[in-house]
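Novice: Residues or ranges marked as GTP binding site in Swiss-Prot: 165-172, 190-194, 211-214, 278-281, 305-307. Per Swiss-Prot, Mg(2+) binding site is recorded for SER172, THR192, and the stated evidence type is sequence analysis. Residues or ranges marked as domain 'Obg' by Swiss-Prot on the basis of sequence analysis: 1-158. Per Swiss-Prot, the feature domain 'OBG-type G' maps to 159-324. As annotated by Swiss-Prot, domain 'OCT' applies to 342-421, with the evidence given as sequence analysis.
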Amino acid sequence: MYFIDEAINEIKAGNGGNGVVSFRKEKYVPLGGPDGGNGGKGGSIFFIGEQSENNLLKLKYQKHLKAKNGENGKNKNKHGANAENIYIKVPLGTIIYNLQNEITGEILKHGEILTIAKGGRGGKGNKSLATFKNPVPKYAEKGGIGESFKIKTELKILADVGLIGYPSVGKSTLISIISDAKPKIADYPFTTLKPYLGMVYVDNESFIVADLPGLIPNAHLGKGMGIKFLKHIERCRILIHMCDMSKSNPLQDIENLNQELKIYNKNLLKKPQIIIANKMDIIGAKTKLIELQKKILNKNIIPTSLLKNQNLKILKYKMLEMIKKNVVNLPLCENSSFKTYTLEEEKPDFVIKKDNQGFFVVKGEKIEKFFYKTDFNNEEATKKFAIFLKKIGVEEELIKKGVYFSKNKIKICDRVFEFIT
């Protein structure tokens, strides 16, 4: 199976069902009154965190995510059924962006639910619209429009420990020994083509280790697996830097790989590292280890031989110890663009601007909501919309801008109106 960690999807929540205009018609009930039911709510779309998911394959090949519309209301005060919501399981570490590359949400915990798009509210039938002043309304509301937009999703794997190193240093073998992960293992470069997650158990505690594909020089430029997998390192609490003691210069390999991390994101070097000096059963490895320990001060260096299971228990306890010391070392959305609204930033009810065609264009969140639930084929509903505009001051502002004298037309959403006093 391919490892997919990015996807772009078109999202469309369901529209609300329309309310209905209906009147009770029964024998011996001369004043039956309105009995039109409300429309059902449109389906919403949610992402839910699932720890067993490990990539975005479902989202990659399901380009369009569309929820159903709510049912229309019926007579005899019968309400339309709400549409079913859509719940999509995504792996932990999934980040959601809008097309402006602003982060709009992320999934970090198993079972965590994130609202992606809200369904439209159901329109009210004339039974619900009856008031003391208007006990027999001859209109009903249309259902609200469900949210619709494109999103980009990106997966940055959540793991306590990230295994890094050049190809064929033994990362996949290590994770298969110390955890329940079973990656494919062979003695040639780029064996690991996708990250593997394994659960490691130490006494009564456990933690997650990620086997990340091997890096090569200029990985930050996209060479080899490149940036595609460097980003997954950002979410690991600590790093296990594995080097091959059978190579001629293990120290140079360590320095080169750290340079790749630095160029990609200098904050990666701030993460705690354990250096595993692997293949200590090779002739000459002990001499190289002594040189390594002289050059790298204040570093946790653990010599191992996966062939002989040397020091693996010590390694597991050391990883657990460092994880506990670095509980807060999990970067979330460092470059997020969440918008914070204050009382000073409160938006006006509407704005009016003149476009190139000479139309007075009226915009406002409240106006748009009222517009989309109004049935303009119904005279009474249209009249109610006009009263609403007058009540919030649109008519007065239009007169100030000269619409009465210039006889310009007014545009609200996708509809053009004439100004009549």
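Using the three backbone atoms N, Cα and C, a Cβ is placed for every residue, glycine included.
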Novice: Reduced to three states, what secondary structure does DSSP give SER305 (GTP binding site)?
Specialist: strand
Novice: If you average pLDDT over the domain 'Obg' (1-158), what do you get?
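Specialist: When the pLDDT values over the domain 'Obg' (1-158) are averaged, the result is 89.
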Novice: Of all the binding-site residues here, SER168, SER172, SER305, which one's CB has the most other CB atoms within 10 A?
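Specialist: That would be SER172, with the highest Cβ count within 10 Å.
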Novice: Just name the most isolated of the binding-site residues LYS171, LYS279, going by other Cβ atoms within 10 Å of its Cβ.
Specialist: LYS279
Novice: Using C-alpha atoms only, work out the spacing between PRO213 (GTP binding site) and SER172 (Mg(2+) binding site) and round it to an integer in Å.
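Specialist: With the alpha carbons as reference points, the distance is 9 Å.
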